[in-house]
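Annotation source TrEMBL lists FMN binding site at B:Asp57, B:Thr103, B:His153, B:Tyr157, B:Ser229. According to TrEMBL, the feature compositional bias 'Basic and acidic residues' maps to B:419-432. TrEMBL lists B:28-384 with the feature domain 'Luciferase-like'. Here TrEMBL flags B:419-451 as region 'Disordered'.
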Number of protein chains: 2
Amino acid sequence: MSRIYLNAFDMACVGHQSAGLWRHPEDQGHRYTDVRHWVELAKLLDESGFDALFLADVLGVYDVYNRSRDAAVADAAQVPVNDPTLAVSAMAAATQRLGFGLTISLTYEQPYQLARRLSTLDHLTDGRVAWNIVTSYLESAARNLGLDGQIPHDERYEIAEEHVDVCYQLWESSWEDDAVVRDAERGVFTDPAKVHDINHKGKYFTVRGPHLCEPSPQRTPVLFQAGASPRGMKFAASHAEAVFVSGPSPSVVRKTVDRLRSAVAEQGRDPRSVKIFTMLTPITAETSEQAQTKLREYEELVSVPGAFALFGGWTGVDLAELDVDKPLTYADVDANRSALASFTTADRAWTPRELAGFVGLGGRGPVITGSPTEVADELERWVDEADVDGFNLAYVTTPGTFADFARWVIPELRRRGRVPEHTEPTTLRERLGFPSPRLAPPHPGAAYRRS
Amino acid sequence: MSRIYLNAFDMACVGHQSAGLWRHPEDQGHRYTDVRHWVELAKLLDESGFDALFLADVLGVYDVYNRSRDAAVADAAQVPVNDPTLAVSAMAAATQRLGFGLTISLTYEQPYQLARRLSTLDHLTDGRVAWNIVTSYLESAARNLGLDGQIPHDERYEIAEEHVDVCYQLWESSWEDDAVVRDAERGVFTDPAKVHDINHKGKYFTVRGPHLCEPSPQRTPVLFQAGASPRGMKFAASHAEAVFVSGPSPSVVRKTVDRLRSAVAEQGRDPRSVKIFTMLTPITAETSEQAQTKLREYEELVSVPGAFALFGGWTGVDLAELDVDKPLTYADVDANRSALASFTTADRAWTPRELAGFVGLGGRGPVITGSPTEVADELERWVDEADVDGFNLAYVTTPGTFADFARWVIPELRRRGRVPEHTEPTTLRERLGFPSPRLAPPHPGAAYRRS
């Protein structure tokens, strides 16, 4: 019986992936500006057995639907959105075990500064931080950062390859393990002979070094990635230690998982060592009936324009031009067929309104509604059929969805041996099943380690 | 009797401005990687009556002395150094009143991202954040960030002018005060008509907007600045709400203060509205004799190479080439006369060894040693003679210097009416004596406010 890993999926914003649900009287999403909100959430997740809090991010607004950002703004659909890294130390100070997965785009940052921020967080969290490597997908972000439009997709990944390579050098090879000696007698805090320049001169970056930070518990943070395109999957196969996937059914997700594990193996890495999380929204209560009642209550609050705004941002497809009740054809969305397919089972046609219902509550994954045993059964089915290692649990209301899951489902998963009874404080890398706090060969980052 | 403002001056590193003092058995500087260290420090400062914790930063190492970074590395003189912004939320969650002044260089960052980070911190601290605007002074930093060398000094300030102008637009004019309505009835979280693009197209930056963040308590964080050059002073006169100066005697500092207040007046701003802090290291104990004993104990631990490393980084002058016991002449340091003058009274010649003693304990300011009444007398003399509003208190050991000052001197300052008995939780801007949490005219940032 394998362990099931659980991430709470959230974002430093009012409404992450449940369009319109901020109107629910119990939703606390609007408290995202309050440090106490994050401390309370972290404690809830830590005490109940979640493995990590995973925070998404964007650097622009969703303005594809109706060629306007109005729907996203009115519905607080991922706007306003604060920086995801800055509440982490408050949450770390209040917890001992919870990991923190942080989405940071490398497209608009220098590796020297980004590497320092992550090293600092790895120190402050005692080694509980992960970097979700993204290259940004919004045109609107590019126009906020001095560009006329996005850098072409595959070139973004070329930049990403060099960027992470610079980070590996800073994290793994600039400071030797025993560089810091703190020898008051000799008057040597750090042995200068054990701190090295990296002298990187590449196509996109020039960085002399040394790294500004002494070695942190994990050195390289745990590396998360979510690329679904062929180029994105190649990147994930080389670099990622955990990968996020999504799809509406185990069979759809299974195809992605099989391709991904093969790609990992082609890179000479153990395909089981990469933890794969699929997205899912759980709605649960003591009984099946109570859970179904909740679902209906939630469904009434979904905002169709808000859902279309999210869908437009993710896929580039503007549903405003289509009849909401007429089934979509691939011709409607020809420009972005694969993006649409990832939302649907692709075995039947969806109307825009049906899509809104899907996106509005679950984002890019399915909604699983039921009693604790029903939800646990369904999670186990997903693990078996889709061959995933765990779940990114999206919320309908926050912290309501997480609190319900913690109260009802995690105890059931414990009874089934899927979640451990007790977890020792360790680094996040160890918590995710890796044998050491550090990157290990054949991961490309480990190649920079000095023996 | 005017209020005296007190900042604790620190940095996310082992040794900030007391070279070699990490060897003192009570020093806890090496705990800078531990979030608990920062939470304990913040509580101490908050409960004892400090106004703010001010954190310095650099993006490179000190490698002018002996044309090598070895002295800085061995002595942990500002290397290793973590990102100063990331422990703030943990400190904010543990305090209600303390402000946080954060040094962030704008030379290597896009304003769109930097503005979001500061807005996020202003939210998470309930309006207690200040930005110490710097343009970076280390060649070594430039070579870590893709440049062959530093951008020329005055051009750095041209970039800075445009950078802060973009930030003001994002902070002050992108979101109207009443944009966020959270009207569940109408289904409107934010009124889209009240969120605006900024459409900035300048020489250095292109930013469409809107700002990603909803209005934070202060909108624009309190603006700190420390430029001592003519161009730096012009920048401070336009933008700064608090300015950091330094010098070894009240008469030397007074000249800077007079020039600065005149420059502020020339910009049409009230010269008294800008709070001026001078740097100073207090060594205190219950009695004068005990304080003098501490001083001698500290002096024995000063690292001369560490002090020379700091001095070289700040001034560009390599003291390794000179006889440590031969008085310096201006010819020795011709390249950077004004930098040297700011360290000394300029009315006598110093030897490099004497300079090391000065820099090694006090950084760029004097050491004041004595009983609580002696130190309080000396602070009052500085306020009167130098016309400053307060002090950046540097440490010899951390948190020892701050704890001693909190225990012995602050109660004495309270008795004299220089520190209030009780402080209500407010924004940092209000705590520093400004009438509102927001920037007010004629500050240039206030010009972007919508009525």
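Quick reminder: no glycine exception, Cβ is built from N, Cα and C everywhere.
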Tertiary contacts of the region 'Disordered' (B:419-451) (same chain, 6+ residues out, Cβ under 8 Å): 3-6, 49, 51-52, 96-97, 99-100, 126-130, 164-165, 168-169, 171-173, 176-177, 217-223, 238-239, 241-242, 267-269, 273, 275, 410, 413
Where B:Ser229 (FMN binding site) sits in the secondary structure, as DSSP reduces it to three classes: coil
Largest CA-to-CA spread of FMN binders B:Asp57, B:Thr103, B:His153, B:Tyr157, B:Ser229, angstrom: 19
Three-state secondary structure, which DSSP defines for B:Thr103 (FMN binding site): strand
Sparsest-packed among the binding-site residues, when each Cβ's other Cβ atoms within 10 Å are tallied, from B:Thr103, B:Ser229: B:Ser229
Reduced DSSP assignment, B:Tyr157 (FMN binding site): helix
The domain 'Luciferase-like' (B:28-384) [mean pLDDT, rounded to integer]: 91
Secondary structure content, the compositional bias 'Basic and acidic residues' (B:419-432) (per DSSP, counts of residues): 4 helix, 0 strand, 10 coil
Cβ neighbour count within 10 Å of B:Asp57 (FMN binding site): 21
Winner by Cβ contact number (other Cβ atoms within 10 Å) across the binding-site residues B:His153, B:Tyr157: B:Tyr157
B:Asp57 (FMN binding site) - helix vs strand vs coil (DSSP): coil
